[in-house]
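Engineer: Here it is, the structure, as structure tokens.
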Amino acid sequence: MSDTPVIGVLALQGDVREHLVALAVADAVARPVRRPEELAEVDGLVLPGGESTTISKLAVLFGVMDPLRARVRDGMPVYGTCAGMIMLADKILDPRSGQETVGGIDMIVRRNAFGRQNESFEAAVDVEGVEGEPVEGVFIRAPWVESVGAAAEVLAEHDGHIVAVRQGNALATSFHPELTGDHRVHRLFADMVRANRAAQSL
């Protein structure tokens with residue numbers, strides 16, 4: 001079995017291309033995923049930024065939501081940025097009508113907590129598990145995590161708010177590392193996928 005993991009990016013809406021580039025730099029085979037049969041062929045999945053309600057509704061429409069929930073429950077590594085973080089939350093504090101989540105991280109998330117698009121900003125974030133300088137994070141109408149359960153590990157905070165969380169094979173950030181050219185968070189995720197593949201092959 002090749003050591004190179006195949007990592008998908010849910011390609012229904014959002015900044016898909018930037019994630020595909022970041023994953024390729026992180027030595028993964030990166031593929032867009034829109035349908036259940038494409039989901040079945042990947043070792044891990046990125047849920048990109050975008051509009052969480054739209055992504056949720058399209059995931060249901062394309063028949064991806066239920067198989068995605070099942071694979072996350074079964075331990076498939078998954079990484080959500082911004083809207084993707086909201087998708088991985090077990091609970092949203094301020095959900096919009098018809099909004100569903102995949103779940104996977106025992107956390108409560110507040111949508112658009114850092115403000116609207118005109119209040120977007122960049123900030124250096126110390127992320128546990130990422131060596132070297134702080135990660136340059138782009139926050140665009142970003143959520144933050146109000147609280148986490150006992151199983152969830154806080155990896156980073158900004159301005160007193162939780163902005164990066166991991167629970168088992170699920171990773172989530174409020175910010176967009178894929179927009180800065182700093183691919184260390186994607187390397188961290190690719191390493192999670194590799195470790196999971198190795199464990200499954202034993």
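Heads up, the Cβ atoms here are built off N, Cα and C, so glycines get one too.
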Engineer: Which of these, R17, R110, R111, R166, does Swiss-Prot say binds L-glutamine at the same site as G50, E51, S52, I140, R141?
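Structural biologist: When Swiss-Prot describes the L-glutamine site, the candidate it includes is R111.
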Engineer: Can you tell me which of the binding-site residues G50, E51, R111, I140, R141 is spatially closest to H176 (active site, charge relay system)? Compare CA atoms only.
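Structural biologist: Nearest by Cα distance to H176 (active site, charge relay system): I140.
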Engineer: Looking only at C-alpha atoms, tell me how far I140 (L-glutamine binding site) is from C82 (active site, nucleophile), rounded to the nearest Å.
Structural biologist: 8
Engineer: Which state, by DSSP, holds H176 (active site, charge relay system): helix, strand or coil?
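Structural biologist: SS state of H176 (active site, charge relay system) = strand.
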Engineer: C82 (active site, nucleophile) to G50 (L-glutamine binding site): how many Å between their Cα atoms?
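Structural biologist: One finds 8 Å between the Cα atoms of these residues.
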